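A.B. asks: Encoded as structure tokens, here's the structure I'll be asking about.
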Amino acid sequence: MMEMEEEEVGRRNETRKVIALIERATNSTVPEVDHLLLKAIKTVVRYSDFELRLAAETLMDLMQRDHSQVRYLALQIIDELFMRSKLFRTILIENLDQLLSLSVGFRRNLPLPAPPAVASVLRSKAIEFLEKWNVSFGVHYRQLRLGYDYLKNTLRLQFPNMQANALRIQQERRERERRSKEILLSKYEHLKENLSSIKGGLLSTLNEIDECLDILHLKQELESEDVLDDEEIAEFCSLELQQIRLDAMKEGEKVYESSDNKVVFDVLRELYKLLVTKHLVSIQEWISVLVRVEVPDNRFRDSTLKKFIDIRNRLTSVKIKCEEAGCTLQNTSKLDEEEDFWEEGNAVSIENSSGVPNKKNKHSDMPSTSRKVSNDNLGLLNKESNGSDTDNVVRERKEVKSNPLKSKLIAEAPVVRWGSYLDSWGSNRVFMANQRGLELESHWGRVDDEAIIPADKIAELNVLATPYEEKQIEIQPCRAPLRRGGLCQRRDRKLCPFHGPIIPREDEGRPINQSPSEEMNIDSRTDLVEQLAKQAVKNVRDRDIDMAKKREIDKKSLKRAKLAKVREHNEAVLRDAALASTSGSATIGEDNEDKLSAREQKKSLASMLRKKVTSKDRISQKLLSSHARDNTVRLNDSWDDVKYREAFPNQW
Amino acid sequence: MQTWKQIRDREDGKLPSRTFANRIKSNRISDLQLSNHKEIVSSHKGSINSLQIDFSERRYLLSAASDSSVAVYDIQRATNYEGGGVISKHSSLFVVDKQHESGHKYAVSSAIWYPIDTGLFITASYDHHINVWDTNTTKVVVNFKMPGKVYKTAMSTLATSHMLIAAGTEDVQVRLCDIASGAFAHTLSGHRADGVMNVEWSTSSEWVLITGGCDGAIRFWDIRRAGCFRLLDQSRTQLGRRPPILKHSAITKDSSTKLRTAQKKHANGGGSKQLPIGRVPSKGPMKQRLHPGMLSTQDRATAHYGAVTGLKVTEDGMYLLSTGSDSRLRLWDVESSCDTLVNYETVRLQTSKPIQLATAQDSALVFVPCMRTVKAFDMWSGNTYTTLGGHYECVNACWFNQQDQELYTGGNDRQILVWSPSRSIADQMDEGANEDQDNWSS
């Protein structure tokens, strides 16, 4: 008795479980059923027919909901179970027409419910599922065939036609394969005919390379025999020394390019290049053709394949030998390019790493050209930037070199705009007021020749008027994360109208939390920046060619430092404000997050049904409101009245 | 187990072979479902209006559709197989449609076999014509021009002395067309409005014709005489089935009074006449005198509110089933001409078109097209036995094949569906390699 009760309770719990799972899976706004939930539903349903029946019932109930999203998710679960459980199929097939009318919405009196976007997805998905089901299980269920036939042939709905598509794709693939086979076969035939010539070409190259190598080694042996004596061997008594000596000998055995074997090396390199770029590739190709081709008579193929593999092995071994001798392909190509660049139309022999003399030659060449170029460049730069200054600068440079004091002074001097006031810069002269060279004496009366303008007056007159120039501050984008993804690119000074105060943010748009330590950092950083700036100034003064550039950098860094300061200040103010307004704990970041989460929550199934308020709606609301209408009507009436009175002035 | 025992009983002679066969049949009928192995490939492009299987061989299904086409299917032999031989498809043997030189112009409302053999069939159409076709040559043999759209035609299966086609048309008069002479043999006038939706010959007398009109009246005609001799009145009721004649004498006064009191409870007021059960309403002298014309007050009685859309006489000819556009299915006792007050649980019936009812063997079940489904009712209790849902649009016609215990239904979705008893397990076993099984991912 107890057991039974327990079982009953357990069952009831279980029932709640599957229903709850399905409810949870369908109560979502995302376009896919949660993977884990789906898995859970499957496992629950798999081991209990009771649960399965319950699930089918629940799902059919959900399909009747007045919400396309719920139906859509339910349909996905139905599809999962339908493809798996026979019992589920038999249950569902009974009500297939109902299911179809709820998911495809083909009955005029039962259209699909609200969010139209989801509804259209639901319809297409349902049609797709039906086709899939029909392909997999149509043989066993007349109802499926019937439903499919009805939708396709009577209602003429467009089915995706997966199976036919798959068939077509397969057909195409087969066709492609057949064609490639044909190509292979023709290649094979070609090979059969031209085997001897191909082989001949390969072997001749191989032989030539062999010969070249032989020549080189012969010479080397002659030389090395001179170098090494038996007496010397005795000196290398210890093991290590012996080892070193062996290495040295090996190194010595290597053939180096020299003036007398240069011709041989050139030929060798040529041949090597041929070998690597042409023969190795071609033989690889032939081998792959032979491996892939299918011919009734295998004997020729096998024998050729064997031969080719042998040849390939030989080729690779020869290639290794060549590389030991010092031929490398990449190097040559690179050097080639360089040569083309520097010396046009000069098809010079292939460079290699061991070609020391050649390289030297190059080095002697290179500086001259490069210097020329750099000079040109500089000149261009100067002309572009401030042509008038260049001479000055150059002259100054010369002087600076001679006079350290002056350089020091220059370092301290302020940078001012050029103007006429510079003529009397620092002078204490007084000006004669009436001696301008114009002979206008006694024209208007007596003239005081000695009248002077005092120096302080002159200075006063010559005071440089500097209009206020706003410092160009780069306005930072707001960079708050947008709902659609991406960051807000609005540029406002302090406050973004959508995302509040502009604060430094990470790459993903999360605000960087400012803590006191951070501030300290910033402080120290700004200090550092300033120091750096000073240093930079000094450096600039020393290296006056780059002065202009450096100054710019300097300015920038200063600006940055200032900006950082401003920002820091702003933030401090804002934080204070926030602290004052809220009870104290909430920081800006948290506030933002709260808003975001609220928005998330708002996006529920109900919100999907809500209609978006468009500007048209707002306008219509304004224009069609009873008040506005009344006003219009009254206005019209009064106009009519006026017209009438004008037309018939004698009638009151 | 039950089957084996029955077989042994039959062997032993405990069970009469006829009873045995009936039991097997009713067993099979009891689990009708949409057949997966038999499929009729409908060659119609419009809704199926009528279905009939011939009476001689019970093999050829004649169907009429709204696209003015008529087709014949062989339901015994499949034309091709599908799904590894599991599904047998029956395509039409021939189709007569608009392209045919003497085909109908508009929807064919009814197509029936000549009751004697399959050499002839009769089609009736909305283009005001009734055609009699030679099946083998598919040529029109006789053609009748009717005064309006023809809703329904019927031929008596019992007739030995006449070859009359009864035709219900837009016209209020029912006409009897004689194939032998090619003329109208008789015109039966009595219905009042909007034509006659349904005609049905009695299964007990070759002279009796039953018609259901759009005025809601069901009339009985003796074609040998003028005028109708019986009019069914929905206010004349009796409770339940009339007891068989044999047991008539056994009924005691007690029981009859009991029944009468029970009857009174159910009787609705308003001057409805109650006939005591068990008393065969004798044709009194007044009735006799009334017959040809009948009293005009009596002549206005109706069997349904609205039009009578379906008529079906039971096999023994004692009862009549009728459906009306009031979504009611009524079972009438023909002899007493009373409504038996069986409450069939119909929800809604199609009202605009005539529908075709079917009864199962021994009149145990009645199949009624209820919108998109076909409902099988227990005829005597009115309970829904099963609901056969498979059509995607309204069902118009159903025909029960007594021989194979199969039901054929046709609907507006231009499908002809076969409902058959579920196959034995042995049959299902050799369905082939691709069996329908669970497919859980491990």
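Using N, Cα and C of the backbone, Cβ positions are placed for all residues, glycine too.
Per TrEMBL, the feature region 'Disordered' maps to B:256-289. Feature annotation from TrEMBL assigns repeat 'WD' to B:41-83, B:101-143, B:196-224, B:301-336, B:388-420.
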A.B. asks: Go through the chain and flag residues at least 6 beyond the ends of the repeat 'WD' (B:196-224) whose CB is under 8 A from any CB in it; none is fine as an answer.
C.D. replies: 151-162, 164, 166-169, 171-172, 174, 176, 186, 188, 190, 230-232, 301-318, 320, 322, 324, 332, 334, 337, 354
A.B. asks: Taking a Cβ cut-off under 8 Å, which residues six or more beyond the ends of the repeat 'WD' (B:301-336) line up next to it in the same chain?
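C.D. replies: Residues 194, 197-205, 210-218, 220, 231-236, 238, 241-242, 275, 280-281, 342, 344, 346-359, 362-363, 366, 368, 377, 379.
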A.B. asks: Near the repeat 'WD' (B:388-420), which same-chain residues lie under 8 Å Cβ to Cβ, leaving out any that are not at least 6 residues past its ends?
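C.D. replies: Result: 25, 28-29, 32-35, 37-40, 42, 44-53, 58, 61, 63, 65, 73, 75, 350, 353-361, 367, 369-376.
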A.B. asks: With DSSP, how much of the repeat 'WD' (B:196-224) is helix, how much strand and how much coil, in residues?
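C.D. replies: Computed counts for the repeat 'WD' (B:196-224) are 0 helix, 17 strand, 12 coil.
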A.B. asks: I'd like the per-state residue tally for the repeat 'WD' (B:101-143) from DSSP, helix first, then strand, then coil.
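C.D. replies: Output for the repeat 'WD' (B:101-143) reads 0 helix, 23 strand, 20 coil.
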A.B. asks: Taking DSSP states H, G and I as helix and E and B as strand, how many residues of the repeat 'WD' (B:388-420) are helix, strand and coil?
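C.D. replies: Once the DSSP states are binned, the repeat 'WD' (B:388-420) shows 0 helix, 20 strand, 13 coil.
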A.B. asks: Could you count the residues of the repeat 'WD' (B:301-336) that DSSP puts in helix, in strand and in coil?
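C.D. replies: Reading the DSSP string over the repeat 'WD' (B:301-336) gives 0 helix, 17 strand, 19 coil.
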